[in-house]
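See structure below.
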Amino acid sequence: FGEHTLLRMYKLYSLLLLQQIQFVEDKQEFSRFPTKAGRRSLSRSISQSSTDSYSSAASYTDSSDDETSPRDKIQVNSKGTNDFCVKNIKHAEFGRREIEIAEQDMSALISLRKRAQGEKPLAGAKIVGCTHITAQTAVLIETLVALGAQCRWTACNIYSTQNEVAAALSEIGVAVFAWKGESEDDFWWCINKCINMEGWQPNMILDDGGDLTHWVYKKYPNGFKKIRGIVEESVTGVHRWLYQLSKAGKLCVPAMNVNDSVTKQKFDNLYCCRESILDGLKRTTDVMFGGKQVVVCGYGEVGKGCTAALKAMGSIVYVTEIDPICSLQACMDGFRVVKLNEVIRQVDIIITCTGNKNVVTRDQLDRMKNGSIVCNMGHSNTEIDVASLRTPELTWERVRSQVDHVIWPDGKRVILLAEGRLLNLSCSTVPTFVLSITATTQALALIELYNAPEGRYKQDVYLLPKKMGE
């Protein structure tokens, strides 16, 4: 781009931010980037918005900052505390603006905050959370704090953290241990730091995927003695951990299954995915949907949302599903229900939406045609057998942020998005309004378990009461 174009892009982007957060003094805002170098850096960030999330495009980080691991930095917030580990605490102000924008479309959660903050129903609660750390999650965390809770937080996905938001939370005193682009070792280190705090013992767990619950169970089993309850959001965490522990008689505390509550299933899983699947694919691949042959693995609420969006864009959509009821629903909605092996050689895009593991195997990946796109809309990164692709005969080529070409010896390329992790939160953004419904459900579940009289809930897995959802 020419310098004139870059300057125009910068001005337009800054003006959009100012309008959204209702800032009046334009000159004061623009003065934050006084040099041409600063303007060029910001404009480059904006031009990459097709491959990064909104948070990444507004990330105001420089290359020297990215080279140093947050674990190696010594950072202090304005209150003088350092009980956190984020990318750059200096970017807290930008994160605060994103949180304020999110609040405008999270009416349910803000209503709960206003209604209950006088009563402080979570006074004395010490909540440790492991979720996606986004502006929407920040509104939830700040609501929990307003209702009386103390919170420590980490990320459930190594790619979904919005760095500015993590910094903003750390600035107000929430102990956050997360940054975008963590390694696997960083991921478990952050979870451990979140739990292992001298003089601080959690009594509530809010989990998304079961990793936090698994870590506490494995490393700090005595910690369950003080836990009053677990709230789990994802199908993976519910079925892979909670129900398995309950079946084995090893679940020590009551747990609330938020994923299968009507407010999560019928809104977040369906409508959020219906909108964000297209956003994630467009930002990462610029793919044309019309005429493409797509197979969606799983026809639960997530699968229903994805297929509806792709069908509306003119794609030829197939569905794989092992549940007979969901299979019949897919058929009656106009989709051809197939086995993956029947169409594996001809499809252009594969999307997994099951919450299971090894849904797409190495043998099937070997038979996909050149240029095929593979991605996951379930929580776990094990739906696609990514581990089997890390072998000497295959070459990995990073072509964009969160976009890898996996190259076979014969030159065939398969495009893998977000290394098989959750596409929408790793590569794009999600609708704030729908997340408000889920976040409010999580908050209500925490309030219910924390305040429930002894004996109401046993050491088992429960659904959020339907009345509460209504």
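Keep in mind that glycine also has a Cβ here, set from the backbone N, Cα and C atoms.
Computed from a predicted structure; not experimentally measured.
Per TrEMBL, the feature region 'Disordered' maps to 41-76. Annotation source TrEMBL lists compositional bias 'Low complexity' at 43-62. If you look up TrEMBL, you'll see THR134, ASP208, GLU233, LYS264, ASP268 marked as substrate binding site. Residues or ranges marked as domain 'S-adenosyl-L-homocysteine hydrolase NAD binding' by TrEMBL: 269-430. Marked as NAD(+) binding site by TrEMBL: GLY300, GLU301, VAL302, GLY303, LYS304, GLY305, GLU321, ASN424.
For the binding-site residues GLY300, GLY303, the largest tally of other C-beta atoms within 10 A is found at GLY303.
Mean pLDDT of the predicted structure over the domain 'S-adenosyl-L-homocysteine hydrolase NAD binding' (269-430): 96. Using CA atoms as reference points, the binding-site residues GLY300, GLY305, GLU321, ASN424 were checked against ASP208 (substrate binding site), and the closest is ASN424. Of all the Cβ atoms in the protein chains shown, 24 others lie within 10 Å of the Cβ of GLU301 (NAD(+) binding site).
When the alpha carbons of GLU233 (substrate binding site) and VAL302 (NAD(+) binding site) are compared, the span between them is 14 angstrom. Packing around GLU233 (substrate binding site) is summarised by its Cβ count: 29 other Cβ atoms lie within 10 angstroms of its Cβ, all protein chains included. Over all protein chains present, the Cβ of LYS264 (substrate binding site) has 25 other Cβ atoms lying within 10 Å. In this entry, THR134, ASP208, GLU233, LYS264, ASP268 make up the residues listed for substrate, with the farthest two CA atoms of the set 18 Å from each other.
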